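J.: Can you keep this structure in mind? I'll have questions shortly.
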């Protein structure tokens, strides 16, 4: 059923000889905006109870984003205005660590809040429910490890660092049930919800949703609008003011699936000891780019401000240049330290101005829609005296795939108070390159293919493809490639040591 507003819009005709192109485009934009606002008001009439007030706040943010989307013309950056950040704005971690820690580190910790971005589902790894409840190490989930880390800090320094989870409508209910198991842990846990925005029909530029419900096919009509929404939803939840009133000054924000994103006392101290007249409101942790990270956002100097440049903003002619490891040497880990008072000020002034990410999707029925999103790091340009800190690679340990999961479950890492650290027995600090085939994509399938996780201390590269299983106590060293062709199956026997080997379909073992 085509909405009545759309039918009217499609029959309205303008004489371009009487209006200029710019005026025509402005009228068209205005019409799209008016139509969108009418549809949103219709949706609000279907709300139940307190849902209307929550949805109205969400829609206010969405309207702002939609307005900016309609106004956008061309790339958000001019390539010739991009400069490498000045050295004094990207601080090396080694120098920060060399300053040591003062006796007053507990005072700084009591001003800190840890925020984890917990809006994602585990669907890409074949799991139902929040990604944060996937077991990643010794039956501990991402959430377990996070709680252990913060509880350890609170006990060690006799402080109160709270944990805040930003959930989405996809993860909120399940997460709240799971949180009950931490009741007796020494960590105060708060949650708030990301906004819920309507997906937009690509053709009509109107919402797909017919009401505010999440039932049946309506579930596909909504989306959480990226982690850049943290500022508005944190403010709207009331939690931001609550934490400021409790004397908290900074949040440390990171993705819950980044196992390297622990509270770093040296960075916290560096943040707290900046000169009063140059109080830093935002630190972005960056790390050196490798060929695996060429699509990661990078920090640039633009109009005398530090700014995050994402690949989606790069003009096509310059994409290869953007991916270059020589020109753009660092990328954003999404570990961020941000002033609470600054978030409050900038939100109230409507001054964040994050670039819009237009994310096209095709729904199950074949309908093409767009999602308007923002990235949390894109707000860096709005904050005063922002800095980058170039951190070791160990602070970026995301688990996005089963290949990542194999690394963190292996003896490459040891677990201490919820934190993973590279084993001292590993001779070089880089992690092996692991590429597991589609038979390992789902966590359940992955676990059934390993009787035990292989010894990987001396591994450089592992590629596995096809129907392959591993017995107990297998050891992998150097470069190992195991390929079972279609219809074949390879069972690596218990106790096998594979060093610089290619194992092909009939289990021939060849020197590599």
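Backbone N, Cα and C atoms are what each Cβ position is placed from, and that goes for glycine too.
According to TrEMBL, the protein has these features:
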- 131, 194, 226, 257, 400: UTP binding site (BINDING)
- 227: substrate binding site (BINDING)
J.: What number of additional C-beta atoms lies within 10 angstroms of the C-beta atom of residue 226 (UTP binding site)?
T.: 23
J.: If you count the C-beta atoms lying within 10 Å of each candidate's C-beta, which of the binding-site residues 131, 227, 400 ends up with the smallest number?
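T.: Per-residue Cβ counts within 10 Å for the binding-site residues 131, 227, 400 bottom out at 400.
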J.: Near residue 257 (UTP binding site), which residues of its chain come within a Cβ-Cβ distance under 8 Å, counting only those 6 or more away in sequence?
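T.: When sequence neighbours closer than 6 are ignored, residue 257 (UTP binding site) has 120, 131, 132, 142, 398, 399, 400 within Cβ distance under 8 Å.
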J.: If I restrict to non-local contacts, at least six residues apart, and a C-beta distance under 8 angstroms, what lies near residue 194 (UTP binding site) in its own chain?
T.: 119, 166, 167, 168, 169, 224, 225, 229, 230, 233
